[in-house]
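Report on the following structure.
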Amino acid sequence: MKILLIGHGKMGKAIEEYAIQRGHSLVATVDVNDTLMPTLAEQADVAIEFTHPEAAFENIKFCLEHNLPVLSGTTGWLDKLSEIEKICQENDGTFLYASNFSIGVNLFFKLNKFLAKLMSPHDLYKPSMVEVHHTHKKDAPSGTAITLAEGVIEEHIGYSSWKNDSNVKDNEVPITSERIGEIPGTHKITYKSEVDQISIEHEAYSRDGFVQGAVLVAEWLPAQKGVVKIDDFLKL
Ligand SMILES: NC(=O)C1=CN([C@@H]2O[C@H](COP(=O)(O)OP(=O)(O)OC[C@H]3O[C@@H](n4cnc5c(N)ncnc54)[C@H](OP(=O)(O)O)[C@@H]3O)[C@@H](O)[C@H]2O)C=CC1
Ligand SMILES: O=C(O)C1=N[C@H](C(=O)O)C[C@H](O)C1
């Protein structure tokens, strides 16, 4: 498979290495000072986009307007997600966004929803979330934390929004973001009552899970149409 790799930072470099290991080739790596040229899109089977919250929208739009299936793992740009989904439909394209490409985290998303549903009738237990990442991370809260909070909101009658603060209203899920050293990504949800607490946690040991998931999804993506989800790939 021929991959157009957009973003050549921590994720881009690791994806390049793993994609080559799996027998793929790169049409090009496009980083911040490079230009996305239509000829690059013509030569590629799929684009993988891991860049910056400010850059993701234009990069994805370019791919969709040049008939190139594209997956994006960039977080922090979700205010424009519905616009991209519209552009995908208008161009009869293929697009997938996932806040986290690790299989473990996508199973954790399901566990989170299950726990929220169980907790919904028990308002003595108050949820809160902590996400911990490396100090280079540009966005807070993490995209994964937002997906987890959305899962709670979907399943728990007592919650309708989230806030990146520990000081919240009754109907808000509090998310605390910590930035420490080189931590790849840890997410913990706790339901606390006056007498006890229940926590679930996912801890990534490295970026390998995100990288492997992104390349496996990229292999599957060109045969799909429209706005697709990682749940479709994982059959969750
Ligand atoms: N969904 C998932 O599973 C995962 C998502 N992520 C997300 O992916 C994104 C990238 O993460 P990471 O690789 O760690 O970040 P890095 O900062 O290491 O890499 C991003 C790269 O993209 C470059 N870049 C910036 N603007 C553009 C542009 N317009 N076109 C092309 N390249 C550009 C940056 O250059 P410069 O540094 O000069 O700005 C940098 O080289 C983040 O949003 C992060 O949250 C990360 C891990 C897993
Ligand atoms: O920036 C990162 O590193 C990560 N970003 C994603 C997020 O914001 O959820 C996924 C993972 O946690 C690593």
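Cβ atoms here come from the backbone N, Cα and C positions, even for glycine.
Among the features that TrEMBL reports, active site, proton donor/acceptor is placed at His133. Taken from TrEMBL, the feature active site, proton donor applies to Lys137. According to TrEMBL, the feature NAD(+) binding site maps to Asp31, Gly73, Thr74, Thr75, Ala98, Ser99, Asn100, Phe101. Among the features that TrEMBL reports, (S)-2,3,4,5-tetrahydrodipicolinate binding site is placed at His134, Gly143, Thr144. Look at TrEMBL and you will find 1-101 tagged as domain 'Dihydrodipicolinate reductase N-terminal'. The domain 'Dihydrodipicolinate reductase C-terminal' annotation in TrEMBL covers 104-234.
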Look up Gly143 ((S)-2,3,4,5-tetrahydrodipicolinate binding site) in the DSSP assignment and reduce it to helix, strand or coil.
helix
Helix, strand or coil by DSSP: which one applies to His133 (active site, proton donor/acceptor)?
strand
Quick test of your reading of the structure: among the recorded positions Gly73, Phe101, His133, whose CB sits under 6 A from ligand 1?
Gly73, Phe101
Which chain-mates of Gly73 (NAD(+) binding site) that are at least 6 residues away have a CB under 8 A from its CB, listed by sequence?
Met11, Ile48, Glu49, Phe50, Tyr97, Ala98, Ser99, Asn100, Phe101, Phe210, Ala214
Consider the recorded positions His133, His134, Lys137, Gly143, Thr144 and say which one has the Cα lying nearest the Cα of Thr74 (NAD(+) binding site).
Gly143
Gly143 ((S)-2,3,4,5-tetrahydrodipicolinate binding site) as reference: those recorded positions from Asp31, Thr75, His133 with C-alpha within 10 Å of it:
Thr75
Taking the centroid of the Cβ atoms of His134, Gly143, Thr144 as the (S)-2,3,4,5-tetrahydrodipicolinate site, which other residues of that chain lie with their Cβ within 8 Å of it, listed in sequence order?
Thr75, Ser99, Asn100, Glu131, His133, Lys137, Asp139, Ser142, Ala145, Gly185
Quick one: of Thr74, Ser99, Thr144, which of the binding-site residues has the smallest count of other CB atoms within 10 A?
Ser99
Can you tell me the CA-to-CA distance separating Asp31 (NAD(+) binding site) and Lys137 (active site, proton donor), as a whole number of Å?
17
Would you list, in sequence order, the recorded positions among Thr75, His133, Lys137 whose CA lies within 10 Å of the CA of Thr144 ((S)-2,3,4,5-tetrahydrodipicolinate binding site)?
Thr75
